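Summarising the annotation, TrEMBL assigns domain 'Aspartate/ornithine carbamoyltransferase carbamoyl-P binding' to B:9-151. Summarising the annotation, TrEMBL assigns carbamoyl phosphate binding site to B:ARG61, B:THR62, B:ARG111, B:HIS139, B:GLN142, B:GLY267, B:PRO268. Residues annotated as L-aspartate binding site in TrEMBL: B:LYS89, B:ARG172, B:ARG226. Residues or ranges marked as domain 'Aspartate/ornithine carbamoyltransferase Asp/Orn-binding' by TrEMBL: B:159-305.
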Amino acid sequence: MSAPDRRPILLAGGRVLDPSQQLDLAVGDVLLVDGKIQHAGERIARPDDAEIVDCAGLVVSPGFVDVHCHLREPGREDVETIATAARAAVAGGFTAVCAMPNTDPVTDNQAAVGFIISQAKRAAAARVYPIGAITLGQKGEALAEFGEMVGAGAVAVSDDGKPVVSAQMMRTALEYARTFGIPVADHCEDPTLAHGGAMNEGAMSMKLGLKGIPAEAEEIMAIRDILLARRTGGHVHLCHMSTKGSVELIRWGKERNINVTAEVCPHHLSLTEDAVDGYDTNAKMNPPLRTPEDVEALQQAVRDGTIDVVATDHAPHHYDEKEREFADAPNGIVGLETALAVLVTWLVEPGILTYAQLVDKMACAPARIFNLPGGTLRRGSVADVTVFDPTRAWTVDPRGFHSKGRNSPYAGRTLRGRTVCTVVDGRVVYREAAEATRA
Amino acid sequence: MTGATRLGKDLLALEPLSPEQIRLILDTAEPFREISERAIKKVPTLRGQTVVNLFFEASTRTRISFEFAEKRMSADTVSIAASGSSVAKGETLVDTARNLEAMRIDMVVVRHGSSGAAQFLAERIESNVINAGDGTHEHPTQGLLDLLTLRHRFGSLEGRRVCIVGDVLHSRVARSNIWGLKKLGAQVGVCGPRSLLPNAIDELGVEVFDRVEAAIEWAEALNVLRLQLERMQAGYIPSLREYNRVFGVTRERLERAPGDMLILHPGPMNRGVEIDSDVADGPHSVILDQVTNGVAVRMAVLYLLAGGRPELAEAAKSAGKGRGGDA
């Protein structure tokens, strides 16, 4: 991603917030030179040749890193491409995203990993890190070639979209992944309990006459994975946690120093199963939206560190795929362009999280636990930076998304918090003012 | 379609209806019962109205009941039986909706295997939509005919004890019954193996009986649900034989009921499984009354959605003897 014509960039006069080094300056400067952070701290003299970005009233933080999103390419380029997703990412303040392998064909070999990386380079927006499949074709039968995929640029393995049903396969994956120092990210779902389910099992599913997915479908797999991580010493990363019980199990594991990390999605931190009432397919996702008690437990788990990161599980679908009977509609919502605002609106403004915690969950921790560049403003680090306005109110209009996906349960809602400028590798790849002009 | 009714545009479920709206339908159904008793069972109330019966799921009883109701009110009707789901058919439900709309029909009666399908249609077309059963959600006209049947026998449902016996988990009839009965002041019980009861059933404020003997001791009416035989293969119960032995409504069990007991069944019945023949055909049974009331309730719903006012139901009845009617 080097470019000889890059001018230095001075992000001037913003609140400089970098939890990776306990840095929180009410007013400071960040200077980016040759794709690296050269300075992040007190105000400095303006370099002669630098491009100045006025950040007064804005937060300047490490670029957000999404460890879980679905880019749909290859296979469903009508729904999303790596290029459109990468542009959506930077519009949402994400400088890097990790692409889940459930594409068609599945990303289960080094050539597929290389294809994603080459497409991402052409897109020249967010960094895209492929996640390889755990098993060939995500069939749960034979391990994919972790070593080859890591060599080609994969940063983790996962069969996300599907659980690893076999405990023995999961054990082997955790053991084998240790060789390469990568996390094994698991979609925790017991398929026998979840079979046919379309939403959370409870009073709402009973009222709507929809088959429910019980919380235990997730929790049984979560504790299995934690126990296998204890047995193997491998790093298990639990994807999109959605229940209070899962939080308690993760806490149990961490108290015993088991190598487990976990993520939660903005929608599970903000919405309950009530959003499904009326059969709104934009509220259909897997794991499903749960109860207020679950949402509160997840919020507290983000706050106290039991859950390490917030990830979007960005899952675009074509509008007509969602325009059908609820049980037949696909799971998933888009999330890259609303994640920041959802967290500000539902967690920071009510006082559950500080901005420092928000930045840690969206930038520092995901880079750290997936061993990725970025997630920090330390001198010499990659110049991946997000500038956001923490107070800006805006109404979500999916028609304006950079993603091809329009399936958002937040459509029409007024949220607070908006990305203003995103810098990747020392280059401004998104600037809100320019977007406004373009529009 | 002109004129807002007190029911709104559609009848999709009993859960959102007020007790007054439910009583309105039942009160309107009363005079329509009489029309079915006449030599010429026809009134011109819906003359010029087009009704499409759109059945994506197999149904005999409900479809015929609706067709009778429509024809007795002089509507022009078309019945479409679409096998399987809309997806299997190759056309999406939204495309179906658009086509119906383009044909300028007035009402759609829809039966569909997916919960929420009736609402899905209703939100996308101007025509009135009547839910004739959607997945495991609701079957509101069945619930209404059950209410009408019970009301005839009890006079009022206030404080009466009605127990639904059987596969509540997969039953749209059970949901409509629970909502409707509770709104009219009845006490509701459910009885069945826990594997066929929704986990959150307690949250609906119903009594839960693990043994049918206890349910019979408590209730004044049993609404016996069809055991969906395919569920047995899914492992919800060990065998039909055991189900009959533990949960079957038998004459021996009914004989131990403290008072008179009404027996309802939405049909079709599995005789010898959830209900024994001597119960289904016995003196406690009001199963055939349910069928008769079904036509009247559906006439009432069609009439009210078409813009009819309840006081005009009587007028419709007398008009049928001469000319005219209200539409």
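Note that Cβ sites are derived from N, Cα and C of the backbone, with glycine treated the same way.
Bear in mind that TrEMBL entries carry predicted annotations, made automatically and left uncurated.
Quantities reported herein were computed from a predicted structural model and do not represent experimental measurements.
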Round to a whole number and give the Cα-to-Cα distance in Å for the pair B:HIS139 (carbamoyl phosphate binding site) and B:ARG172 (L-aspartate binding site). 5
For B:PRO268 (carbamoyl phosphate binding site), the three-state DSSP class is coil
If you measure B:GLY267 (carbamoyl phosphate binding site) to B:ARG172 (L-aspartate binding site) at Cα, how many Å is it? 13
Applying an 8 Å Cβ threshold (strictly under) against chain A, tell me which of the binding-site residues B:ARG61, B:THR62, B:ARG111, B:GLN142, B:ARG172, B:GLY267 fall inside, in sequence order. B:ARG172
Would you list the other residues of this chain near carbamoyl phosphate - those whose C-beta lies within 8 angstroms of the C-beta centroid of B:ARG61, B:THR62, B:ARG111, B:HIS139, B:GLN142, B:GLY267, B:PRO268 - in sequence order? B:SER59, B:SER65, B:ALA132, B:GLY133, B:VAL173, B:PRO266
Between any two of B:ARG61, B:THR62, B:ARG111, B:HIS139, B:GLN142, B:GLY267, B:PRO268, the residues recorded as binding carbamoyl phosphate, what is the biggest Cα to Cα distance in Å? 16
Within 10 Å of the Cβ of B:ARG226 (L-aspartate binding site), how many other Cβ atoms can be counted across all chains shown? 19
In three-state terms from DSSP, label B:ARG226 (L-aspartate binding site) for me. coil
Nearest to B:ARG226 (L-aspartate binding site) in three-dimensional space, by Cα, is which of the binding-site residues B:ARG61, B:GLN142, B:PRO268? B:PRO268
Fewest Cβ neighbours within 10 Å, where candidates are the binding-site residues B:ARG61, B:ARG111, B:HIS139, B:ARG172: B:ARG61
Return one of helix, strand or coil for B:ARG111 (carbamoyl phosphate binding site), based on DSSP. strand
When each of the binding-site residues B:GLY267, B:PRO268 is scored by other CB atoms within 10 A, the minimum falls on B:PRO268
Relative to the Cβ of B:THR62 (carbamoyl phosphate binding site), which residues of the same chain, six or more apart in sequence, are found under 8 Å away? B:ARG111, B:ALA132, B:GLY133, B:HIS139, B:THR141, B:GLN142, B:GLY294
With DSSP assignments reduced to helix, strand and coil, which class does B:GLN142 (carbamoyl phosphate binding site) get? helix
Around B:GLN142 (carbamoyl phosphate binding site), how many other CB atoms lie within 10 A of its CB? 27
